[in-house]
């Protein structure tokens, strides 16, 4: 509802603008303009130059619009606005604005979608998914640089000479480094040749796995068997020695035993004789007694 209705007047531009310190003074003429009349003076407005920060924002917005290119991409079943915005580094609002989408579900009514990307960005190089939307002119064929054969040969020889010089310098530097390192550290062992295996010097004492197996077999089987066989042979030899000693003692004592038995028999036989005869017999048997 309109509160007050009054006569409408056309836009009247200022007649002059005066700039002062920190402000602008606009002066208008007192003349009245007809309601139905329209002249070009209504649109002849002086262009005011914006100041520092505003001018930078305007330039940035213009550059932003100029650096954006629209690329077209086919829509699949799994696509949505958030996924496309994250994938191509743009805003959902920009995609909606370019494709005239009102809601997020409107994307499924399209077969292809336009995506705003930077002109010289990495996404513009993905030609397998995106195609230029506003490129009406056919791409210009790449111009092949054709150099004369003599110049190409000269360049080839030149680059080969450079490569050879670099290789020689690298070899000399390597030799000098090895010599200086050998002079600075004479006590260090020589460098290990590639492919040559050196024994380890850790907690395993540098032994191999088959050495460990051999030591376990030696300690667990060979030494116990040798110990048992040795003491068994020692026991057999001691038993044989004791039996032989007993046999020798009995053999050495057998003559004396026989002599004693013969003396007893003679004593029993001569028990009926006289004591003098027995004494004579005893003296004959024991001349030293």
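Just so you know, the numbers here start at 1 and follow the chain as drawn.
Using N, Cα and C of the backbone, Cβ positions are placed for all residues, glycine too.
What you are looking at is a predicted structure, and each value in this text was computed from that prediction instead of being measured.
Among the features that Swiss-Prot reports, region 'Disordered' is placed at 1-23 (among others).
Annotation comment: Swiss-Prot describes 1-208 as topological domain 'Extracellular'.
According to Swiss-Prot, the feature compositional bias 'Polar residues' maps to 9-23.
The feature N-linked glycosylation site is assigned by Swiss-Prot to 30 (among others), with sequence analysis given as support.
Residues or ranges marked as N-linked glycosylation site in Swiss-Prot: 59 (among others).
If you look up Swiss-Prot, you'll see 71-115 marked as domain 'LysM', on the strength of sequence analysis.
Swiss-Prot lists 134 (among others) with the feature N-linked glycosylation site.
Swiss-Prot lists 178 (among others) with the feature N-linked glycosylation site, giving sequence analysis as the kind of evidence. Residue 178 (N-linked glycosylation site) carries a helical DSSP state (H, G or I). Contacts of residue 178 (N-linked glycosylation site) defined by a Cβ separation under 8 A and a same-chain sequence distance of 6+ are given as none.
Look at Swiss-Prot and you will find 209-229 tagged as transmembrane segment, backed by sequence analysis.
The topological domain 'Cytoplasmic' annotation in Swiss-Prot covers 230-289 and rests on sequence analysis.
Residues or ranges marked as region 'Disordered' by Swiss-Prot: 252-272 (among others).
If you average pLDDT over the topological domain 'Cytoplasmic' (230-289) in this model, you get 60.
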